[in-house]
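Listed features, source Swiss-Prot:
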- CYS47, HIS68, CYS175: Zn(2+) 1 binding site (BINDING)
- 48-52, 200-205, ASP224, LYS229, ILE270, 293-295, 318-320, ARG370: NAD(+) binding site (BINDING)
- CYS98, CYS101, CYS104, CYS112: Zn(2+) 2 binding site (BINDING)
- SER2: N-acetylserine (MOD_RES)
- SER23: phosphoserine (MOD_RES)
Amino acid sequence: MSTAGKVIKCKAAVLWELKKPFSIEEVEVAPPKAHEVRIKMVAVGICGTDDHVVSGTMVTPLPVILGHEAAGIVESVGEGVTTVKPGDKVIPLAIPQCGKCRICKNPESNYCLKNDVSNPQGTLQDGTSRFTCRRKPIHHFLGISTFSQYTVVDENAVAKIDAASPLEKVCLIGCGFSTGYGSAVNVAKVTPGSTCAVFGLGGVGLSAIMGCKAAGAARIIAVDINKDKFAKAKELGATECINPQDYKKPIQEVLKEMTDGGVDFSFEVIGRLDTMMASLLCCHEACGTSVIVGVPPDSQNLSMNPMLLLTGRTWKGAILGGFKSKECVPKLVADFMAKKFSLDALITHVLPFEKINEGFDLLHSGKSIRTILMF
């Protein structure tokens, strides 16, 4: 019996309060309006960005259904939808691609003006929610809210992918892999024979290492205080791994000594102000490029000496690794299917969706790289 055009009741993980566990609730998911798509979720990854909301370092309206790194199957579409149809395998896009705004028309950027990151409203693009729980509207997250068995997204925030793709793996292309890999190949534009430093060895940091290796870097130095992650980093391309706690001097000084004055490219993939500055300082003063990849704490500022840039350094950042989402995500899935890269090493745990809080515990303990929740 078709559910198209009807309200669907399903399970979702609702965050009612900051710093509290998720509550598995029955929610009502309204049908898609014009130019919207309702998706049955199959697999979703637990990303550090979701945890930033739980901890309060990233601000979004509450109560909310989080989740933004996922893959599923189209259940129904609203009027006027042309790019996907019921039954299609898809990846929801935390950064949409409307194709019409100034940013979408700029070949150098992917930060579509329809995004819900800069000034989060917690709604779809028409300003309303499709979720109801306990007779209350529930906010969306980044316009996609994938910690729910069903979700509704705008058409410009979903990409059709290869029908043969394994959703429990390619869901990582929705955020973590693309963000890290793209930061190296698109944003920094790592060059063959170069030296790189990657701060933070979670799923995104390891993906950045994969990107540095793919771009031909000769030396990739992985930096983390959790030595348990070093073996995986080396498996994926790191040539050396160092722990800042093993040194009495600042880690940027250690890296500069190791690399004859500084690395060519550095990546901060943690989201801490102190490591962002260390990442900048460790790249060569005359020609180094440092990329901010980790989501910084909300409403906190960095103070720095402009001379650090005047000498020739470049300091930049990007969302989703600089990939234009709707056109690039299907290409990345195609590359995965062609075995141009593997995602297996990033996935350490697979849990049923109902064990979402256990998945976040694994993240907090440093025991997981990526936990995939299966619906």
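Every residue, even glycine, has its Cβ placed from backbone N, Cα and C.
For the recorded site, the residue listed as 'phosphoserine', the DSSP three-state label reads strand. Rounded to a whole number, the C-alpha distance linking SER23 (phosphoserine) with ASP51 (NAD(+) binding site) is 15 angstrom. Ranked by CA distance from GLY294 (NAD(+) binding site), the recorded positions SER2, HIS68, CYS101, CYS112, CYS175 have CYS175 at the top as the closest. Annotated pair SER2 (N-acetylserine) and CYS98 (Zn(2+) 2 binding site), C-alpha to C-alpha distance, rounded: 29 Å.
LEU201 (NAD(+) binding site) carries neither a helix nor a strand DSSP state and counts as coil.
Within 10 Å of the Cα of CYS47 (Zn(2+) 1 binding site), not one of the binding-site residues from the list CYS98, CYS112, LEU201, LYS229, ILE319 places its own Cα. Around LEU201 (NAD(+) binding site), the same-chain residues at least 6 positions away in sequence with a Cβ under 8 Å from its Cβ are ILE209, ALA222, VAL223, ASP224, ASN226, LYS229, PHE230, LYS232, ALA233. Of all the binding-site residues given, namely GLY48, GLY294, the one with the smallest number of surrounding CB atoms inside 10 A is GLY48.
GLY48 (NAD(+) binding site) sits 29 Å from CYS101 (Zn(2+) 2 binding site), taking the CA atoms of both as reference points. Candidate binding-site residues: CYS101, VAL204, ILE319. Fewest other C-beta atoms within 10 angstroms, CYS101. Compute the center of the Cβ atoms of CYS47, HIS68, CYS175, which mark the site for Zn(2+) 1; besides them, the chain residues with Cβ within 8 Å of that center are GLY45, THR49, ASP50, GLY67, GLU69, ALA70, ALA94, LEU142, GLY174, GLY176.
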